[in-house]
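Below you'll find the structure, written out as structure tokens, and then a few comments.
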Amino acid sequence: MDPNPVQKMDSSSTEINSFGISTPENPNSMVGSPSGSSSSVSPSSTTLSRYENQKRRDWNTFGQYLRNHRPPLSLSRCSGAHVLEFLRYLDQFGKTKVHTQLCPFFGHPNPPAPCPCPLRQAWGSLDALIGRLRAAYEENGGKPETNPFGARAVRLYLREVRDFQSKARGISYEKKKRKRSPQQQQPSPPPNPI
């Protein structure tokens, strides 16, 4: 028995995930414990959030990728390098124009004409995907310290993609500043001089 199980997938129905890949859909497909027992939830009794549905579809897509890998991989043998390979594989389904350094539109957010530069997955999509897969891995019995989606190589790759796409597309990926609550914005009154 594999200590880090990948979900079982039902091939009776399929759906297209956010990356344009057809994946089997089965809401009860995630394995809930290392022992292999399924924590099935009746789809009629529990409505999953949009995030949970996307996380399940992403987990199924990654599981399908592992099974189709040559040679097939088990989740317990999956490393950060395999996650990077998966992210590069997803680029072929991307819809974001990323200009090369030789392109005359490199750094232009709204190029005036078409160019032959490749379509890639947007950094924000990859970043969100890794976040969902990281959570799904741990929900399915994986230990945080062995989570391949949290590997240093994956974080560095995402940072490189972000920086390059920012330059190539002429847009900024600055972190959004969190709004402070009204209580925090009000300065404390000065002390009364006596």
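Every residue gets a Cβ built from N, Cα and C, even glycine.
Not measured: the values here are computed from a predicted model.
Taken from TrEMBL, the feature compositional bias 'Polar residues' covers 9-30.
According to TrEMBL, the compositional bias 'Low complexity' annotation covers 31-45.
Among the features that TrEMBL reports, domain 'ALOG' is placed at 50-177. Confidence across the domain 'ALOG' (50-177), taken as the mean pLDDT and rounded to a whole number, stands at 91.
Residues annotated as region 'Disordered' in TrEMBL: 1-53 (among others).
Under the heading region 'Disordered', TrEMBL lists 168-194 (among others).
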*asked:* Looking only at the domain 'ALOG' (50-177), how are its residues distributed among DSSP helix, strand and coil?
replied: 77 helix, 4 strand, 47 coil
